[in-house]
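*Asks:* Supplied in structure tokens, the structure appears directly below.
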Amino acid sequence: MARKCLLVKSFIKKPKYSTRNKSRCPLCGRPRGYIRQFGMCRICFREKALRGEIPGVRKASW
């Protein structure tokens, strides 16, 4: 819980240099694997897509 609190604080505070700003998943706080188009990490994206919570997204099959 303390880690999540620190993540929330880091969202509010702007860094000294803009290149230090790292996009994080708002659901789990993960800094890596962020999908900018959907605004979440790949893991949360996959879970929501499989549950059908993201409109227009479905599992690929060919």
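Glycine is treated like the rest: Cβ placed from N, Cα and C.
Got these off Swiss-Prot a minute ago, pasting:
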BINDING   CYS25, CYS28, CYS41, CYS44  Zn(2+) binding site
*Asks:* Taking the Cβ of CYS28 (Zn(2+) binding site) as the reference point, list residues of the same chain whose Cβ is under 8 angstroms away and which are at least six residues distant in sequence.
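*Replies:* In sequence order, CYS41, ILE43, CYS44 meet the Cβ cut-off.
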*Asks:* Kindly assign CYS44 (Zn(2+) binding site) to one of the three DSSP-derived states: helix, strand or coil.
*Replies:* helix
*Asks:* Write out the long-range same-chain contacts of CYS25 (Zn(2+) binding site), meaning residues 6 or more apart in sequence whose Cβ is under 8 Å from its Cβ.
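*Replies:* Non-local contacts for CYS25 (Zn(2+) binding site): PRO31, TYR34, MET40, CYS41, CYS44.
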